[in-house]
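Undergrad: Quick one: the structure is below, questions incoming.
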Amino acid sequence: DEEITCQENLPFTCGNTDALNSSSFSSDFIFGVASSAYQIEGTIGRGLNIWDGFTHRYPNKSGPDHGNGDTTCDSFSYWQKDIDVLDELNATGYRFSIAWSRIIPRGKRSRGVNEKGIDYYHGLISGLIKKGITPFVTLFHWDLPQTLQDEYEGFLDPQIIDDFKDYADLCFEEFGDSVKYWLTINQLYSVPTRGYGSALDAPGRCSPTVDPSCYAGNSSTEPYIVAHHQLLAHAKVVDLYRKNYTHQGGKIGPTMITRWFLPYNDTDRHSIAATERMKEFFLGWFMGPLTNGTYPQIMIDTVGERLPSFSPEESNLVKGSYDFLGLNYYFTQYAQPSPNPVNSTNHTAMMDAGAKLTYINASGHYIGPLFEKDKADSTDNIYYYPKGIYSVMDYFKNKYYNPLIYVTENGISTPGDENRNQSMLDYTRIDYLCSHLCFLNKVIKEKDVNVKGYLAWALGDNYEFNKGFTVRFGLSYIDWNNVTDRDLKKSGQWYQSFISP
């Protein structure tokens, strides 16, 4: 077998598309980009969702600039421009999400369907297919109809399971003949921990001692309940698809946010143990039920009665409820032991892993190049680790029975206060993307991991959760004073030549 060499740190030379390009991958491998509804569409023509509610109620949490998704890049009006970018990239895949409140404005299908919203997605999907671009469609990318949050606190209540199923049923009915890749819920870990634990995300529930501005919540218990209902809602939808829609010939699965974890001190058994706990609490929390029908034993032991349990029927429903996994990967962290003050009033579910996470290890070594600079405090800077994508893919193959995998997000931001010229010359993004693609190619070739596609985040600059417009993630540039155009940045031109060498 050929030995593939990938650099772990700067300066990267993988930007040379003569050496690394799409022909390094199998001929059926899909390359493209990703987006989500709240971040790109704008509010025109849809019902309110919890990100509308959250960003207006807590503008300081929506971004340092108080930015929100009210208009953003207005892809509701300019979706054809999005397709033009994909066409220019020669992309063969595009991941986007359907806004639940655009097609069912009041959350429950029984309250009526918005035909104009359905027409919007029909237009987008057929436009993609005309250009030979495969749609990857996310049903839920965090933008729950506000009515369902108001009525029963959304995923905190089991009522969500049937409402989500009815919404998915409508999507399969309308779009299933054209859509062959469905993603149920984006980043299963995120809404429970960020929406109901730290309250950094919508709906913004937490214990009063965690953040006094939270309108209600319990950061120690609610994340586990929300995660449990997400798993059941996901599984119910997969079951529906398999019972009623297999004739459409598509595949369905969840999206996981992944990280890799390394010991803060690799000679210290406590750091090593903390690292293993993080893998179970971050990945196993969802992959345990999805593969074995049960939560990891370490979680059962640690969380105790705060962790819901599955009935035998539920366990069977959740177990094996995916045809493929969408894996998002951005960075890796060092783990060291940290106390878990279960009985304190400011306890959160995220403390249960008993780990503190950093980007610098015991010997003062940074894990890799700068990912994102923290304006307020440089000790909060994030650093990235391209080899982490290799480790994550290898881990999923070995621990979770060699699943079919699509990388559904991978990308890096640049500062939003750069001028247009600086933003267009985004060489840091080329470094990030090419170094991860090198390690992705390496793990496929060396470990025979079943990865069949890579979708970079993001198609264009957009509203970033918690950051507003203070960062840019796009491979194409959007001028916030005139959002009609999307211009390929250097990284977009690089990706274009990577896809079509």
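Cβ from N, Cα, C; glycine included.
Just lifted these from Swiss-Prot, have a look:
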DISULFID  CYS6-CYS438  disulfide bond
DISULFID  CYS14-CYS434  disulfide bond
CARBOHYD  ASN21  N-linked glycosylation site
BINDING   HIS56, ASP70  Zn(2+) binding site
CARBOHYD  ASN60  N-linked glycosylation site
CARBOHYD  ASN90  N-linked glycosylation site
BINDING   GLN187, ARG259  L-ascorbate binding site
DISULFID  CYS206-CYS214  disulfide bond
CARBOHYD  ASN218  N-linked glycosylation site
CARBOHYD  ASN244  N-linked glycosylation site
CARBOHYD  ASN265  N-linked glycosylation site
CARBOHYD  ASN292  N-linked glycosylation site
CARBOHYD  ASN343  N-linked glycosylation site
CARBOHYD  ASN346  N-linked glycosylation site
CARBOHYD  ASN361  N-linked glycosylation site
ACT_SITE  GLU409  active site, nucleophile
CARBOHYD  ASN482  N-linked glycosylation site
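Surface or core, plus neighbours and distances: that's what I need for these features.
TA: In the shown protein chains, 21 other C-beta atoms lie within 10 A of the C-beta of CYS6 (disulfide bond).
According to its DSSP assignment, CYS14 (disulfide bond) is coil. Long-range Cβ neighbours of CYS14 (disulfide bond) (same chain, at least 6 residues apart, Cβ-Cβ under 8 Å): CYS6, GLN7, LEU20, ASP431, CYS434, SER435, LEU437, CYS438.
In sequence order, SER497, PHE498, ILE499, PRO501 make up the list of same-chain residues 6 or more apart from ASN21 (N-linked glycosylation site) whose Cβ falls under 8 Å from its Cβ.
Same-chain residues at least 6 positions away in sequence with a Cβ under 8 Å from that of HIS56 (Zn(2+) binding site) are, in sequence order, SER62, ASN68. In three-state terms derived from DSSP, HIS56 (Zn(2+) binding site) belongs to a helical segment.
The Cβ of ASN60 (N-linked glycosylation site) lies under 8 Å from the Cβ of HIS66, each of these being in the same chain and 6 or more residues away along the sequence.
Summarising the environment of ASN90 (N-linked glycosylation site), the number of other Cβ atoms within 10 Å of its Cβ, over all protein chains shown, is 18.
Around ARG259 (L-ascorbate binding site), taking its Cβ as the centre, 21 other Cβ atoms fall within 10 Å, counting all chains.
Remark: CYS214 (disulfide bond) has ALA199, GLY204, ARG205, CYS206, SER207, PRO208 as non-local neighbours, by Cβ distance under 8 Å and separation of at least 6 in sequence.
Taking the Cβ of ASN218 (N-linked glycosylation site) as centre and 10 Å as the limit, one finds 21 other Cβ atoms among all the protein chains shown.
Of all Cβ atoms in the protein chains displayed, 13 besides its own lie within 10 Å of the Cβ of ASN244 (N-linked glycosylation site).
DSSP assigns ASN265 (N-linked glycosylation site) to coil in the three-state reduction, placing it in neither a helix nor a strand.
Mapped onto three states, the DSSP output places ASN292 (N-linked glycosylation site) in helix.
Counting every protein chain shown, the Cβ of ASN343 (N-linked glycosylation site) has 6 other Cβ atoms within 10 Å.
The Cβ of ASN346 (N-linked glycosylation site) has 14 neighbouring Cβ atoms from other residues within 10 Å, across all protein chains displayed.
There are 17 other Cβ atoms within 10 Å of the Cβ belonging to ASN361 (N-linked glycosylation site).
Long-range Cβ neighbours of GLU409 (active site, nucleophile) (same chain, at least 6 residues apart, Cβ-Cβ under 8 Å): ALA34, ARG95, THR255, ASN328, TYR329, TYR330, LEU455, ALA456, TRP457.
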Undergrad: Measure from the CA atom of ASP70 (Zn(2+) binding site) to the CA atom of ASN90 (N-linked glycosylation site) and give the result in Å, rounded to a whole number.
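TA: Here the two Cα atoms lie 30 Å apart.
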Undergrad: How many Å lie between the Cα of ASN482 (N-linked glycosylation site) and the Cα of GLN187 (L-ascorbate binding site)?
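TA: Cα-Cα, rounded: 31 Å.
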Undergrad: Between ASN218 (N-linked glycosylation site) and GLN187 (L-ascorbate binding site), how many Å separate their Cα atoms?
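TA: With distance taken Cα to Cα, GLN187 (L-ascorbate binding site) is 21 Å from ASN218 (N-linked glycosylation site).
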